[in-house]
Amino acid sequence: MSEIIVGTPVIEDIKRLFEKHNLRKKTVVLFDENTKALFGKQISQTLQKQGFTFVETVVPAKETSKSLRTAWKLYGELIDAEVDRSWNLLAVGGGVVGDLGGYIAASFYRGIPVIQLPTTLLAMTDSSIGGKVAINHPQGKNLIGFFHLPELVMIDPSYLASLPPREVYAGMAEVIKYGFIADRDFLTYITRHFKEIVAIQEPYISEAVRTSAGIKADVVEKDFKEQSGLRATLNFGHTFAHGLEKLADYRYIKHGEAVALGMVCALHLSEKLGTITHSELDEGLAVLRKFRFRSGLVQKRFRDIPAETILESMHSDKKKVDKQLRFVLLQGLGKAYLHDEPLDDSIVLEAIEEAKKSC
Ligand SMILES: NC(=O)c1ccc[n+]([C@@H]2O[C@H](COP(=O)([O-])OP(=O)(O)OC[C@H]3O[C@@H](n4cnc5c(N)ncnc54)[C@H](O)[C@@H]3O)[C@@H](O)[C@H]2O)c1
Ligand SMILES: [Zn+2]
C-alpha cells in the first residue's frame with residue numbers, strides 16, 4: 001500500500017521521502033490553475049532547493065479537465081519535455097488533478113509512479129487514496145481508467161486554509177461517512193469538534209484527515225479490487241446520492257452535498273430494516289444536521305422532488321449490478337455492510353420520505 005504522510009510543511013520532506021521510496025528526483029508537477037497560483041511558487045522553490053529536475057504543467061480548474069482531450073495534450077507536453085519512464089508525476093490539487101494525474105501516470109510510457117499531494121479535503125480523505133484513477137467519457141463519469149496506486153500520498157492540512165467553505169463541506173461529508181461506516185469513536189469526535197474541523201483548526205483538522213485517510217487506506221488494502229463487498233461500504237449514502245446528482249445533471253448539487261442527503265436516507269433505511277435503533281438514528285441525524293449547504297436551495301429541491309422520481313433516477317445509475325440497487329447499510333453506528341438482498345421499492349420510498357422530513 002501507499003505510504004500516507006500527514007504533516008506541515010510536508011513539501012519540505014519531499015527529497016527524503018522520494019529517496020526512501022526509490023523515486024528519482026525527476027518529476028512532472030501537475031497543477032490546476034488555482035493550485036498553481038496558490039502553491040506553485042512554494043513547491044517549485046522547494047524542488048529547486050532540493051535538487052529536483054522538474055517540469056510544470058497546468059490544466060483548467062474544472063471537471064472537464066478529466067478528459068481524453070486534456071490527457072492527449074499533456075502527453076504531447078511531456079514528450080516535448082523529454083519525459084520518459086525514469087520520471088514520476090506529482091499531482092497537486094483536488095480530485096480532478098489527482099484523477100487526471102493518476103490516469104496520465106498509469107498510461108504514459110506504460111506507467112510511471114504517481115505521488116499525490118492533495119489540496120482539497122475530499123482529495124486528502126478520499127480521492128488521493130486507493131489508486132482508482134480515471135477520466136470521464138461523454139457518456140459517463142470516471143468510465144475510463146486504471147487501478148494505479150500512488151507511491152506516496154503527501155498530505156498537508158494547512159493547504160486547506162484557502163479552500164472555499166462549500167468545498168470544505170463537500171469533503172466533510174466523506175469524513176462523516178468514515179465515522180458511520182468504520183469508527184464510532186471517530187463519529188463522536190466529529191460530533192464534538194465539528195465546528196473546529198470545518199474551520200480548519202488544529203489539531204482537529206489533522207486528526208480528522210489522518211483518521212479518514214487511514215480508514216480509507218485500510219478498507220482499500222483489504223479489498224483493493226472491490227471483490228469482497230468491503231470496499232463497496234465506502235459507498236454508504238452513495239446509492240441515493242448518485243440518483244440525486246443525476247437528477248440535477250451534476251450541476252446545482254455537489255457530490256458531498258448529495259452524499260450528506262444520501263446518508264440521511266441510508267440512516268432511515270437502516271432503521272426501517274432494524275439494523276440500527278431509533279436512538280442511533282437520532283444520534284446519526286444529529287451529526288448530519290451540522291452539515292451546511294451553501295443555500296437552502298439544495299435541501300428545498302430535495303424536499304420538492306417526489307420520492308418516486310429520486311428512486312427512478314437511482315435505478316438508472318451505472319453502478320448497479322444486475323439491475324438491482326445495492327445499498328450500504330449500517331449494522332449499528334460505526335459498522336457498515338453491503339445489503340445484497342433485493343429490497344422492496346416501498347421501503348426505499350418510505351426512507352426517502354422520512355429523510356425529507358428530517359432535512
Ligand atoms: N479516485 C477516487 O477514488 C475518487 C473519489 C472521490 C472523488 N473523485 C473525483 O474527485 C473529483 C472531485 O474532487 P474535488 O472535490 O477535490 O474537486 P476539484 O479537484 O475540482 O477541486 C475543487 C476546487 O477547489 C480548488 N482548490 C483545490 N485546492 C484548493 C485549495 N487548497 N484552496 C483553494 N482552492 C482549492 C480547485 O482548483 C477547484 O476549483 C471528481 O472528479 C471525482 O470524480 C475520485
Ligand atoms: Zn463520495
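For all residues, glycine too, the Cβ spot is worked out from N, Cα and C.
A quick note: this is a predicted structure, and the numbers were derived from the prediction, not measured.
Binding of Zn(2+) is annotated in TrEMBL for Glu174, His255; the matching candidate from His238, His268 at the same site is His238.
Here the Cα atom of Lys141 (NAD(+) binding site) is found 19 Å from that of Glu174 (Zn(2+) binding site). Sequence-distant neighbours of His255 (Zn(2+) binding site) (same chain, 6+ apart, CB under 8 A from its CB) are Leu122, Ala170, Ala173, Ala241, Glu245. Confidence over the domain '3-dehydroquinate synthase C-terminal' (171-320), given as mean pLDDT on the 0 to 100 scale, stands at 94.
Per DSSP, the secondary structure of the domain '3-dehydroquinate synthase N-terminal' (58-168) breaks down as 49 helix, 31 strand, 31 coil. Residues Gly95, Val96, Val97, Gly98, Asp99, Thr119, Thr120, Lys132, Lys141, recorded as contacting NAD(+), have a largest CA-CA distance of 21 Å.
In this structure, the binding-site residues that sit close to ligand 1, with a C-beta under 6 angstroms from any of its atoms, are Gly95, Asp99, Thr120, chosen from Gly95, Asp99, Thr120, Glu174, His238.
Each of the binding-site residues Asp99, Glu174 was assessed for Cβ neighbours inside 10 Å, and the highest tally belongs to Asp99.
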